[in-house]
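Colleague: Have a look at the structure that comes next, please.
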Amino acid sequence: MLRFTLRRTLQIIPTVVVVAMLIFVIFSVVPGTFAASLFADGKRAADPQMIARLNEEFGLNKPLMERFATYVTDLAQFDLGTSFRTRQPVIDLINDRIWASLQLAIAAMAFALVVGVPLGFLAALRPGSVLDTVTMIGAVSGLSMPQFWLGLLMMYIFALQLNWLPSFGYGDGSFRNLILPAVTLGVTPLALLARTTRAGVLDVLNADFIRTAHSKGMSEAKVVRWHVARNALVLIVTTLGLQFGSLIGQAVVIEKLFAWPGIGSLLVDSVASRDIPVVQGTILIIVLWFLVINTAVDLIYAAIDPRIKQE
Amino acid sequence: MTVPLLDIRELCLGLAVGRSVVRPLLKDVSFQIMPGEAYGLVGESGSGKSVTSLAVMGLLKKPLAVSGGEILFKGENLLALPKRAMRRLRGNRIAMIFQEPMTALNPLSTIGRQIAEMFVLHQGKNWDEAQELAVEALMSVRVPNPDRRARNYPHQMSGGLRQRVMIAMALACNPDLLIADEPTTALDVTVQAEVLRLIKELCAERGTAVLFISHDLGVIASICQRVGVMYAGCLVEENETRALFTDPRHEYTRGLLGALPRFGSRSQHGRQRLVDIDSIIADRSKLVETRFIAPRCAEEGSRS
């Protein structure tokens, strides 16, 4: 297990290197520069001298290979560069935002997990029941509802009408501020989790070894606890991992809607103003997050299923 | 005469929608198994062997349901037994081995733990004691290195070993009746012989009665004292094993025996063709209703 953990963790490194290179290449070929975007209000033409001066300052007129070399050497020292816009180190900008994002993503996932998995489980144990039907209708609605609309609805009901929760903002970082955006963000993974849990449990219930378990004279509850739960977990963990990884990216809309100071809104703002170092840094962090989650999922798999470690 | 251990009386079952049986699958199946006796059920796929055994275990899944008859185990009607009481019998007094050793064990649980469950469920042991008993159970089915094997997962074992594990599990609580549903069909021939011998010896040793289900007459002959032949949901013939082979009474049984290859048997033409049972697919529901066997028996004359 230790060797497996080590190997899976070390595999992150080459992936990060490749991704970092790709990010650099992509953003060196996108049209538009930071300097041009500063004057892009369309009313007056950009002053060519001004643009040249800015490009000089940010080193954008150096040859591509040289810029790449600088980028890689800085990266190796965990230096993500300096923002064009605010002249602050990118790492500081991200550090200001990432924790709010993680908080949001974890809260949303916890909500999805705590509600979605038990619902899917119960639905599978009583297929065709009222609970099953209601859960599956709810899951389909949850999947098809646009998040921004759901967010507005929640704001309207819980903040404006009932006045229970603040409508937007991070506030002092209190739990009350977190509830609305986290629930809104959590609805999609919740619906997916409920559905995959149901499908997974139904699948396991039909397996031969469940018949064996029944033939031993076990009660239904023990069959579920001893034999169904662990086997269904594999599918649940897969869904969980995939959803968790992409949640930070998905959070952009929610962060904008609820004025949540997360990494998603930082990314969108930086793209709009061609603040390339910030964009590169933010994407790298999101990729890293994805890889960490993926590795965690693999490790959990190995802990659940003894067949995986052997490969 | 002793009281039969298992006494199945006019058992009927079928596919049910709600409370009404829409498609009968078993019609008036009756047979008895004495304590310590090995009874074989033969028949082709779909003749109702497995559903009979599942009915005894109380493991019929919807839409299958018993529609009539009694299953008496030590004089007690299993069909009328409350769920909880049935669970106490299942695994404990009546145990079952299934056809597929590859999928019949939970892949994520050690086999020691899966055997130990029997002792926890039926003998009120704690997990540590149960684990030790599981190792002993493995030893009794002659699994080499039982200590180490108990910590193995099913995927680390061969099919034959897994079937031994199933046997160890089934016999863990010394049941009165062991139901073996095609336990050797998925195994290769040499392993098959070993597993058969194991079942035979262990059950003889412990006085466990066996209900052995197979479509293989040879296998049945090597293990059972009496045989019932099933066809299309009916028990068409029942006899001592030896008598069944020397003097088959029912057309279908004769057909089955004729289809059995025999070592060194030749007719005057040099080679003998195996008889095949005319395979008109008959409407099963009609067959069950009328016990009509003619359409598939070669000797019944009018073959359309």
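Just so it is clear, glycine is given a Cβ too, placed from its N, Cα and C backbone atoms.
Okay, so TrEMBL annotates it like this:
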| type | residues | note |
| --- | --- | --- |
| DOMAIN | A:98-301 | domain 'ABC transmembrane type-1' |
| TRANSMEM | A:12-40 | transmembrane segment |
| TRANSMEM | A:98-125 | transmembrane segment |
| TRANSMEM | A:137-158 | transmembrane segment |
| TRANSMEM | A:178-194 | transmembrane segment |
| TRANSMEM | A:232-258 | transmembrane segment |
| TRANSMEM | A:278-304 | transmembrane segment |
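Tell me about the surroundings of these features in the structure.
Modeller: Using a Cβ-Cβ cut-off under 8 Å and counting only residues 6 or more beyond its ends in the same chain, the transmembrane segment (A:98-125) has close neighbours at 131-132, 135-136, 170, 173, 178, 181-183, 185-187, 189-202, 205, 224, 232, 236, 240, 243-244, 247-248, 251, 254-255, 260-264, 285.
Cβ atoms under 8 Å from those of the transmembrane segment (A:137-158) belong to residues 164-165, 167-168, 180-181, 183-185, 187-188, 190-192, 194-195, 250, 253-254, 257-258 of the same chain, restricted to positions at least 6 beyond its ends.
Through the fold, the transmembrane segment (A:278-304) approaches residues 1, 4-5, 8-9, 11-12, 15-16, 19-20, 23-24, 27, 71, 80-81, 83-85, 90-91, 93-94, 98, 230, 233-234, 237-238, 240-241, 244-246, 248-249, 263, 266-267, 270-271 of its own chain, all at least 6 residues removed from its boundaries and within a Cβ separation under 8 Å.
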